Amino acid sequence: MSETAPAETAAPAPVEKSPAKKKTTKKAGAAKRKATGPPVSELITKAVSASKERGGVSLPALKKALAAGGYDVEKNNSRIKLGLKSLVSKGTLVQTKGTGASGSFKLNKKAASGEAKPKAKKTGAAKAKKPAGATPKKPKKTAGAKKTVKKTPKKAKKPAAAGVKKVAKSPKKAKAAAKPKKAAKSPAKPKAVKSKASKPKVTKPKTAKPKAAKAKKAVSKKK
């Protein structure tokens with residue numbers, strides 16, 4: 001009995017480990033299948049854009065181009081047809097000949113130009129974002145400019161004081177300019193001279209009075 005008991009307990013251990021290994025292998029296989037390359041629609045659009053035929057690319061010519069790129073055409077034949085139909089329905093490809101997947105296909109220039117414009121807009125937005133990141137550096141320069149602005153008022157105060165001294169000195173010049181007023185008053189003196197000159201005219205009759213007195217004395221003596 002003692003020999004059979006350990007055999008029963010040891011048997012379940014490998015049964016529990018085996019399912020975990022199977023799950024990991026399945027996940028790894030699924031990851032490998034997903035990472036096989038770009039989708040069929042991208043390969044078809046590249047092949048059609050590379051062709052220089054004006055009438056468009058036929059289905060057999062498209063398969064040859066895909067096979068040259070290393071794509072397995074025989075296994076993915078149904079995917080190629082579905083990809084062509086979806087691209088025609090979206091408007092990226094235009095079917096010039098035939099119906100369905102059979103026929104010739106060409107790139108839609110309007111759709112291609114519409115896809116190119118959003119890319120240009122994205123690049124413009126990226127360029128606009130770069131200056132936005134560069135702008136915070138400018139405020140640092142302005143901070144330096146503020147320091148220079150603070151220093152300048154000290155220099156400005158000195159010329160202001162010098163200007164005040166000059167203004168204080170200017171009244172002396174004004175006093176010197178005021179002196180000619182005294183010189184202007186001097187012409188009033190000739191008026192006084194004129195008055196003196198007029199006085200002798202008044203004094204002349206006074207000088208005549210003594211003569212009259214002398215005449216009176218002479219008359220009295222004669223009497």
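Here, residue 1 is simply the first one shown, and the rest follow in order.
Using the three backbone atoms N, Cα and C, a Cβ is placed for every residue, glycine included.
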Key: Among K46, K63, residue with annotation N6-acetyllysine (source: Swiss-Prot)   = K46
Remark   = Residue among K75, K146, K185 with Swiss-Prot annotation N6-acetyllysine is K75
Query = From the set R54, R79, which residue is assigned the annotation citrulline by Swiss-Prot?
reply = R54
Message = Labelled N6-acetyllysine in Swiss-Prot - which residue from K17, K81, K147, K194 would that be?
response = K17
Ask   = Of the modified residues listed here (K52, K64, K106), which is spatially closest to K85 (N6-(beta-hydroxybutyryl)lysine) when Cα positions are compared?
value = K106
Ask   = Which of the three DSSP-derived classes (helix, strand, coil) applies to K52 (N6-(beta-hydroxybutyryl)lysine)?
value = coil
Query = Looking only at K52, K64, K85, K90, K106, which of these modified residues has the biggest number of Cβ atoms within 10 Å around its Cβ?
reply = K106
Task = With K106 (N6-(beta-hydroxybutyryl)lysine) as the reference Cα, tell me which of the modified residues K52, K64, K90 is the closest one.
result = K52
